[in-house]
Amino acid sequence: MTKNKRLRRRKAARILSNLYAVLVYSVFYIPVAVMIVFSFNDAKRNYYWQGFTTEWYGKLFSFANTDLWDALLYSLIIAVLATLISVTIGVLGGIGLKKFEFRTKRFINMMIYVPIIVPEIVLAVAMLIIFMTVGIRLGMGTILIGHCTFCIPYAVVTIKGRITGDSETLQEASMDLGANRFQTFWRVTVPSIMPGILSSAFLAFTLSIDDVVMSNMLAGPSQSTLPVLILSLNRTGITPDVNALTTVMVALMVAGMLALNGVQRYLKKRENRLAAEAESKRSSAHAA
């Protein structure tokens, strides 16, 4: 009897966990599915379904809506630059905070999380006050600086978490085999943390291209990013060609995630193989 009760409880727990998972995934993906469906809506407004059409994709790729494409290009330029800057600083900062000991290390580790914890609107207002006080003109440069403030902490945390004992073992083996510090960094350290670099790059790019608050507060009068443009269109009604563009972007993001997963698996296998080879050579060198 006790065993049957235990089995029933496990079955009930499994059913509840499955229902919870379905609920969570529904909250995440039903809005995306609705957006994709309404990108094929045969109506000039998104609110009611009036039939199937691919007209909006044709209109999108005929570049009829130049404002939409200009905003997308503007967003892509900022996102790429923010990603490059964030990953570069993230690699150097992650390695420095992981490998070296200094007085302010604990304080810096705590301060890294401040831009992540503090509401973005607070950061945006603070940066706007600084730029206006100093006299810096609002535009692409100010948006880029704003995006880097919240992308860099994510990059540092992601890359720092990727540096493990295996990475340090590979570095020591490389130095023992005669490589200098630069060769060790470029040929051993960077490949060993490449999964973290790719993950942080993908995360920084996604955060930057999706940002609304910072982009809206720090934008100049002449140009706006894609999320800010879509937000302004919401007042008059978002047309299905916007849904078509965002559907294409979602498809590209999913493809990028799948490609990133494949690359990370390959790099993990490569790292394990190189670690085994390095340990073998190191043992042979010590034996000799």
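Every residue number used here counts from 1 along the chain in the order it is shown.
Glycine is no exception: its Cβ is also placed from the backbone N, Cα and C atoms.
In TrEMBL, annotation is done automatically, which means it is predicted and not curated.
Packing against the transmembrane segment (20-40) from elsewhere in the chain are residues 46, 49, 52-54, 56-57, 240, 243-244, 246-247, 250: each is 6 or more residues past its ends and has a CB under 8 Å from a CB in it. The transmembrane segment annotation in TrEMBL covers 20-40 (among others).
Annotation source TrEMBL lists transmembrane segment at 71-95 (among others).
Annotation comment: TrEMBL describes 72-260 as domain 'ABC transmembrane type-1'.
Marked as transmembrane segment by TrEMBL: 107-132 (among others). Tertiary proximity for the transmembrane segment (107-132) is limited to same-chain residues at least six positions away from its ends with a CB under 8 Å from its CB atoms, namely 93, 97, 138, 142, 145-146, 149-150, 152-154, 156-157, 211, 213-214, 216-218.
Summarising the annotation, TrEMBL assigns transmembrane segment to 138-157 (among others). Packing against the transmembrane segment (138-157) from elsewhere in the chain are residues 74, 77-79, 81-83, 85-87, 89-91, 93-94, 97, 112-116, 120, 123-124, 127-128, 131, 200-201, 203-204, 207-208, 211, 214-215, 217-223, 225: each is 6 or more residues past its ends and has a CB under 8 Å from a CB in it.
Within its own chain, the transmembrane segment (185-209) has Cβ neighbours under 8 Å at 75-76, 78-80, 82-83, 86-87, 90-91, 94-95, 147, 150-151, 154-155, 158-159, 161-163, 166-167, 170-171, 174, 179, 225-227, 253, 256-257, 260, 263-264, 267-268, 270-271, 274, counting only residues six or more beyond its boundaries. Annotated transmembrane segment per TrEMBL: 185-209 (among others), in sequence order.
Under 8 Å from some Cβ of the transmembrane segment (242-263) lie the Cβ atoms of residues 32, 35-36, 38-39, 41, 46, 56-57, 59-60, 68, 72, 195, 198-199, 202, 206, 226, 230, 233, all in the same chain and six or more residues away from its ends. Sequence annotations record features per position, and here TrEMBL assigns transmembrane segment to 242-263 (among others).
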Other parts of the chain folded back onto the transmembrane segment (71-95), taken as Cβ under 8 Å at six or more residues beyond its ends: 112, 140, 143-144, 147-148, 151-152, 154-160, 162-163, 189-190, 193, 196-197, 200-201, 204-205, 208-209, 215, 223-229, 245
